[in-house]
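Peer 1: Would you mind keeping the following structure in view while I ask a few things?
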Amino acid sequence: MTPWLGLVVLLGSWSLGDWGAEACTCSPSHPQDAFCNSDIVIRAKVVGKKLVKEGPFGTLVYTIKQMKMYRGFTKMPHVQYIHTEASESLCGLKLEVNKYQYLLTGRVYDGKMYTGLCNFVERWDQLTLSQRKGLNYRYHLGCNCKIKSCYYLPCYVTSKNECLWTDMLSNFGYPGYQSKHYACIRQKGGYCSWYRGWAPPDKSIINATDP
């Protein structure tokens, strides 16, 4: 499962009632951006699913057992169902029932939580310790910062609230070291920079450790 969040590009055509979608393409997003741009962020286990006849291919409705909520307390304090397209070509998400705990992110529409391949969704046991700590408090602290993607050199930050995200330049690709181990947080002096550490950042921090 690929934890992406961003632009969805559906390649296909719709004619005479037939939907010819062929692919789902998403732009990469740092987990912190995925967190800050989501209405709902929860840890949950899927306990059931059913196919509902909505749209050209239907909608999968997963029944979940919510373990913990990280974001969305005012939007939907308790989530029991999540909705996704039944077709993966439309960015529908396939989850295992009664097998894993997942980190789930998504948006709320008409009182329902929706998610898909372009959202940050990952098995809980696949998250790094830094990512788990980010969910608890660090990502929230960085929601006023901007993570700037770098695909080709040279890349520069253009304002003090930016962190340069260079995972895509690595031979290892995405998700890379910054995605797995760093959060972009506002530091002393009002500048945003990459942070990694075991204690939450506070006023005593002068310089962040850069990747």
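A Cβ is built for glycine as well, from the same backbone N, Cα and C atoms used for every other residue.
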Peer 1: Please work out, from what Swiss-Prot records, which of Cys26, Cys36, Cys91 forms the disulfide with Cys143.
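Peer 2: If we follow Swiss-Prot, the cysteine bonded to Cys143 turns out to be Cys36.
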Peer 1: Could you tell me which of the ranges 16-19, 24-27, 80-83, 196-199 is annotated in Swiss-Prot as region 'Involved in metalloproteinase-binding'?
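Peer 2: Matching range for region 'Involved in metalloproteinase-binding': 24-27.
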Peer 1: Tell me, from Cys91, Cys118, Cys184, which cysteine Swiss-Prot puts in a disulphide with Cys163.
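Peer 2: Matching partner in the record: Cys184.
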Peer 1: On average, what pLDDT score does this prediction assign to the domain 'NTR' (24-143)?
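Peer 2: That stretch averages a pLDDT of 95.
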Peer 1: Between Asn37 (site 'Involved in metalloproteinase-binding') and Cys24 (Zn(2+) binding site), what is the CA-CA distance rounded to a whole number of Å?
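Peer 2: Approximately 20 Å lies between the Cα of Asn37 (site 'Involved in metalloproteinase-binding') and that of Cys24 (Zn(2+) binding site).
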Peer 1: Count the residues of the region 'Involved in metalloproteinase-binding' (24-27) that DSSP assigns to helix (H, G, I), to strand (E, B) and to coil, and report the three numbers in that order.
Peer 2: 0 helix, 3 strand, 1 coil
